[in-house]
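Asks: Got a structure for you, written out below as structure tokens; questions coming shortly.
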Amino acid sequence: MVHSHSRTVSVSTGINIAKSKPKARGNSASGFELRINNLESENGSFELDSQQEWKPAAAEGRERGHKRIASSSHFSAAERLESNVKPQNVTWMSLPRKDQLVILGLCRVFDFLQITSLQAYMFFQLKSFDTSLSDSAISTQAGFLQGAFTAAQFATAVPWGRVADAKWGGRKFVLLVGLIGTGISCLGVAFSTSFTQAMFWRSFGGAINGMVGIIRTMIAENIKEKKYQSRAFLILPIGFNIASLFGPVMGGVLADPVTSYPQLFGESSIFGGDTGVMWLTQYPYALPMLLNAVFLGFCAALVAFFLEETLDICKNSPTLWSYFWEIISQALSFISSRSSHGYSRPAFQDAEDSENLLEVSAENPHNYELEGRVTKIRQPKRVLPFRRIWTPNVLCTLLAQAFFDFQMGAFNNLWLLFLSTPRFDPTDPVSPPQKLPFVFTGGLGMPPQSVGFATSIVGIIGMVLQFSIYPSINSRLGTVRSYQYFLSIFPLAYALAPFISLSPATSPPPAQATGIYVWISIVVVLFLQVLSRTFTLPASIILLNNCSPHPSVLGTVHGIGQSVSSAFRTIGPVFAGSWYGLGLEIGMIGLAWWLVAFASCLGCAAAFWLYEGSGHEIILPGEQEE
């Protein structure tokens, strides 16, 4: 009796060689079968005859996606092929489409850079608009200003997702509009002179910015194999951490340069002359946003010339670079023809010859592969109706993401306000009384430069964690468990954050809090928060991508996800800013932090209802035969 187990060998030619189990006792174990994947033909399948030549076979018994060809060739050949195939470790260098991933990663970096750089000096810019406002009023304004961008994104994310799925739009079009429009909004914020103007330009930038969902969609469409997705989608949080590292530093260093660097921009300075740089005196916080506009313009040029469209119905559309190259080619051809006075073959003749190559001759049976492909291309694309998107897994994934984005938006606002809020001064007669461990007030009283440095620690910790422990732990736990386990660390970080103001400082108030204990406390809280975010942020993106019930609505699902994300990243800072202002009034700085910790606990509970989908759970009529 012969015992045999099925083994499959994947060969680079697209042919799978599988060792088949004998159908009857006593049969030779040397038999094996060939499977040719994705071979569509109206002429039927093809088999090897006894002379090892291909010939048409009967169409009966064809299976979806492959044709089976029987042979009695010796099994040692398959064994030799199998012995040469080794499992491939997924590394950064093994990722496919690296050039496209780099461009998409830069889009994410520069998109988030304009947010993180503003956060470093936002409190002080709002204060410069109206110096009579109290710290609690500025905290409320900061929440609204930060929420304006994401609120506008919420209103337009789904329409942008629909445009990205449309033939007349596409992924690349939405990305270009977002980059250029956000750059224009940065110019508007740079030269704003009131809170109303700043709100308008931040709202404009958010409304025209549909990039987050589109970048996620294009990464998913460039990286279709799931084994690469954990690293490919890690590009987004890496971009987030790069922007978190350099954005606050850039904003803090470039904010109010006349005051910070009087020898360079002030009166009798190198660049200012006798009166100083007047436009920087009038717009002290314009420089960071001007630099952001330059970065976004550079990224838009990369997208226009080098990024490839990933939407199937728009893939063959000419790019801006192809138009540019065509103009140069035509000009060179014209110059060459004028100089040689020779015969130039009309361009349409080449086109006709190319079309003739696609014609399938009925007399030639060897055109089966080309004919099948042409027939397949001409089939209309099946699209899932919008009403069928809302599967239970999509709803559970969006609910968990809502709580996640609420506390992420709230933390970003609270952290910047907490660092900028003046310290508690016990010698001040108007200071409220303290009753530890919960009734106390006061922030760290840091200037923009220190705020930028303290905020950049987020990026430093995130980069270290993502390249050190993330790959091994995530591969061991998996996407869903990584998301669920590390969500539970967020509440601890938020609960401990307000106690940083009680750390022993080497400088008395009202000076900024300094000293080793202060910075150790800052690092501990940020480590817990960034550790959680390092594992949950890429997991949330993968879960959203794979919960899509059909590939035809992938861009729409990401648009809905961005809409939900924007909505809760909008109300998160608004609620957190209001809670923070209330806490300052009643003398309890931890009120907002502990309410956000409670919301984070609700997010942990919601995460246990979701699962990782396949991205194609709904099969439309006619897809089974393809």
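For all residues, glycine too, the Cβ spot is worked out from N, Cα and C.
So TrEMBL lists the following for this protein:
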REGION    50-70  region 'Disordered'
DOMAIN    100-615  domain 'Major facilitator superfamily (MFS) profile'
TRANSMEM  101-124  transmembrane segment
TRANSMEM  144-161  transmembrane segment
TRANSMEM  173-193  transmembrane segment
TRANSMEM  199-220  transmembrane segment
TRANSMEM  232-255  transmembrane segment
TRANSMEM  285-307  transmembrane segment
TRANSMEM  394-418  transmembrane segment
TRANSMEM  451-473  transmembrane segment
TRANSMEM  485-505  transmembrane segment
TRANSMEM  511-531  transmembrane segment
TRANSMEM  591-611  transmembrane segment
Asks: If you count Cβ pairs under 8 Å, which stretch among 144-161, 173-193, 199-220, 451-473, 511-531 touches the transmembrane segment (101-124) the most?
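Replies: Stretch with maximum Cβ contacts: 199-220.
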Asks: Return the stretch with the most CB pairs under 8 A relative to the transmembrane segment (144-161), choosing among 173-193, 199-220, 232-255, 591-611.
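Replies: Per the Cβ count, the answer is 199-220.
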Asks: Look over the recorded stretches 173-193, 232-255, 285-307, 451-473, 485-505 and say which has the most C-beta pairs under 8 A to the transmembrane segment (591-611).
Replies: 485-505
Asks: Between the transmembrane segment (173-193) and the transmembrane segment (451-473), are there three or more CB pairs that fall under 8 A, provided the residues in each pair are separated by 6 or more in sequence?
Replies: no
Asks: For the transmembrane segment (285-307), which stretch among 173-193, 232-255, 485-505, 511-531 has the most Cβ pairs under 8 A?
Replies: 173-193
Asks: Residue list, the transmembrane segment (232-255) vs rest of chain: Cβ under 8 Å, 6 or more residues beyond ends.
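Replies: For the transmembrane segment (232-255), the list is 95, 101, 104-106, 108-110, 112-121, 124-125, 215-216, 219, 222-223, 284-285, 287-288, 291, 448-456, 458-460, 462-463, 466, 470, 533-534, 537-538, 541-542, 545.
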